[in-house]
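Trainee: Please see the structure below; I have some questions.
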Amino acid sequence: MFEVTVSKRLLKSGIIVSAMTLISRVLGLVRDVVVANLMGAGASADVFFFANRIPNFLRRLFAEGAFSQAFVPVLTEYHASGDINKTRDLIARASGTLGVLVTIVTLIGVLGSGAVTALFGAGWFLDWLNGGPAAGKFELASLLLKITFPYLWFITFVALSGAILNTLGKFAVSSFTPVFLNVMMILCAWYLSPNLEQPEVGLAIGVFLGGLVQFLFQLPFLIKAGVLVRPKWGWKDPGVVKIRTLMIPALFGVSVSQINLLFDSFVASFLQTGSISWLYYSDRLLEFPLGLFGIAIATVILPALSRKHVDAHSDGFAHTMDWGIRMVTFLGIPAMLGLMVLAKPMLMVLFMRGEFTPSDVEQASYSLLAYSSGLLSFMLIKVLAPGYYSRQDTKTPVRYGIIAMVSNIVLNAIFAWFYGYVGLAVATSMSAFLNMALLYRGLHLQGVYHLTRKTVWFVARLAMAGAVMTGALLWQLDTMATWLSWGISQRALTLTGLIGLGVASYLAILLLLGVRLKDLKAATE
């Protein structure tokens, strides 16, 4: 009975988060369509995506990634004590300490944007030093970084607020908040960029304004929940010390994939023009199912696992992990295979207009195919990593994270030499698989979680259904030349039909194999 209650509660929370995330992701795709039409995949696009990736990397490293994974278990522990004053004091001291640190980092980024660009865009910097053809990229990237870097400050507090609200069971607010970034970027792309000599500056301003609006949006909900407090410096506060202790190793453990993506940008700055853009558009399509399913499930599973750990409920902990694994594989397998088969049609329908050419579709499809092969690994990492952080164990995943990161660097050097930017995507996917495998192995060896026979059989049936779905899609898929001969309406209708065919065939085979909705609940074996 317990596992049924857990599954229903988590499923309800997961649906809420997924619904809010869906709105944000759809608007994110609209934003990317607008950006592709405005800039395509040329030099300007490369520079903007570079300038936007660095603060986003730091956001996931400090805010949504390591900080949230360290903060939520500690906050859950304080909240479970029932002492609201103690909880409010922890929030005040954590926000004050984090605020000082992120302000310093933001100032360094803005004032030292040239140095940051030289560090992560070394290829452009060397061209600038030698008066090469990419010298203008370095100067523009430094300018854009000055505008986009303050986004880190805003979004850090957005992530902090979201972690607090999620711990209190209010998942919808934080899941809906990213909508405002997409809205501001779309508005700036439509109304500001066309009136500027450098359109990418308008997009950078959109990033800044998006962060500001997200920050302001969550304040009323914090007030209503009674947790909007005045920040205090608390470096040596016991709660903050515990968060720091958990956070430092988590900087690697939870953000390895982001470090890998940033390293991809570093290597890509030495490659042909368009490489960063092709990788970006591929990553954006990958992020849609990853955010809609993987991150949404991870968002609700971390507080749940933390509560089970505080209550010393080992069975509940395992049931929650099992639910996460089943949901991620049920959704992730068809998403991964669908992206791989429909890479070119999706890129055509979404991005091929304005400055984004058929050649860009061809190039981006190769990196999307490579990235997509790692989608299930990325999603499983989002579920497996909280299995450590909820127990306040950050040292184990950091070891695995370092191994995966080093493997990515080595594989980058090998594959980029032979396959260019596509090799970077292949290396990222392979290192993600390694990280995922190590995380599961660690949980198994610690006796915390192991796959039951029922879950293994469940996943095997998902794989069989996915194989049939892939065959059905390939059977109906026309050549790229045929797709190019169609208008946008026919492309969109055909893609919609193919997606419908994929979903229908996947679910039909699952039904024939005996899979039912009740199988998505945690195994009790």
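The backbone N, Cα and C atoms fix where each Cβ goes, and this holds for glycine too.
Values in this document were obtained by computation on a predicted structure and should not be read as measured data.
OK, Swiss-Prot features for this one:
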{"type": "TRANSMEM", "residues": "10-30", "note": "transmembrane segment"}
{"type": "TRANSMEM", "residues": "32-52", "note": "transmembrane segment"}
{"type": "TRANSMEM", "residues": "100-120", "note": "transmembrane segment"}
{"type": "TRANSMEM", "residues": "140-160", "note": "transmembrane segment"}
{"type": "TRANSMEM", "residues": "171-191", "note": "transmembrane segment"}
{"type": "TRANSMEM", "residues": "247-267", "note": "transmembrane segment"}
{"type": "TRANSMEM", "residues": "330-350", "note": "transmembrane segment"}
{"type": "TRANSMEM", "residues": "368-388", "note": "transmembrane segment"}
{"type": "TRANSMEM", "residues": "402-422", "note": "transmembrane segment"}
{"type": "TRANSMEM", "residues": "423-443", "note": "transmembrane segment"}
{"type": "TRANSMEM", "residues": "455-475", "note": "transmembrane segment"}
{"type": "TRANSMEM", "residues": "495-515", "note": "transmembrane segment"}
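What does the local environment look like for each feature on the list?
Mentor: Sequence-distant contacts of the transmembrane segment (171-191) (same chain, at least 6 residues past either end, Cβ-Cβ under 8 Å): 13, 16-17, 19-21, 23-24, 27-28, 30-31, 34-35, 38, 158, 161-163, 165, 199, 202-203, 205-207, 209-211, 213-214, 217-218, 221, 296, 299-300.
Sequence-distant contacts of the transmembrane segment (402-422), counting only residues of its own chain at least 6 positions beyond either end whose CB sits under 8 Å from a CB of the stretch, comprise 252, 256, 259-260, 263-264, 267-268, 271-272, 275, 278-279, 363, 366-367, 370, 428, 430-432, 434-435, 438.
Counting only same-chain residues 6+ beyond the ends of the transmembrane segment (455-475), those with a CB under 8 A from a CB of the stretch are 322, 325-326, 329-330, 333-334, 336-338, 340-342, 498, 501-502, 505-507, 509-510, 513-515, 519, 523.
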Trainee: Any residues 6+ beyond the ends of the transmembrane segment (423-443) with a Cβ under 8 Å from its own?
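Mentor: Sequence-distant neighbours of the transmembrane segment (423-443): 256-257, 260-261, 264, 267-268, 279, 282, 321, 366-368, 370-371, 373-374, 377-378, 380-381, 384-385, 387-388, 396-397, 400-401, 403-405, 407-408, 411-412, 414-417, 449-451.
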Trainee: Please work out which recorded stretch in 100-120, 140-160, 495-515 has the most C-beta pairs separated by under 8 angstroms from the transmembrane segment (330-350)?
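Mentor: Out of the listed stretches, 495-515 contacts the transmembrane segment (330-350) most.
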Trainee: Grab the same-chain neighbours of the transmembrane segment (100-120) for me: Cβ-Cβ under 8 Å, and only residues 6 or more beyond its ends, written as numbers and ranges.
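Mentor: Tertiary neighbours of the transmembrane segment (100-120) are 50, 54-55, 58, 62-63, 138, 141-143, 145-146, 149-150, 152-153, 156, 233, 262, 265-266, 269.
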Trainee: Quickly jot the same-chain residues contacting the transmembrane segment (140-160) by Cβ under 8 Å, restricted to those at least six beyond its ends, or write none.
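Mentor: Those are 44, 47-48, 50-52, 54-56, 58-59, 62-64, 67-68, 71, 94-95, 98-99, 102-103, 105-106, 109-110, 113-114, 116-117, 121, 124, 174, 177, 198, 200-201, 204-205, 207-208, 210-212, 214-215, 218, in sequence order.
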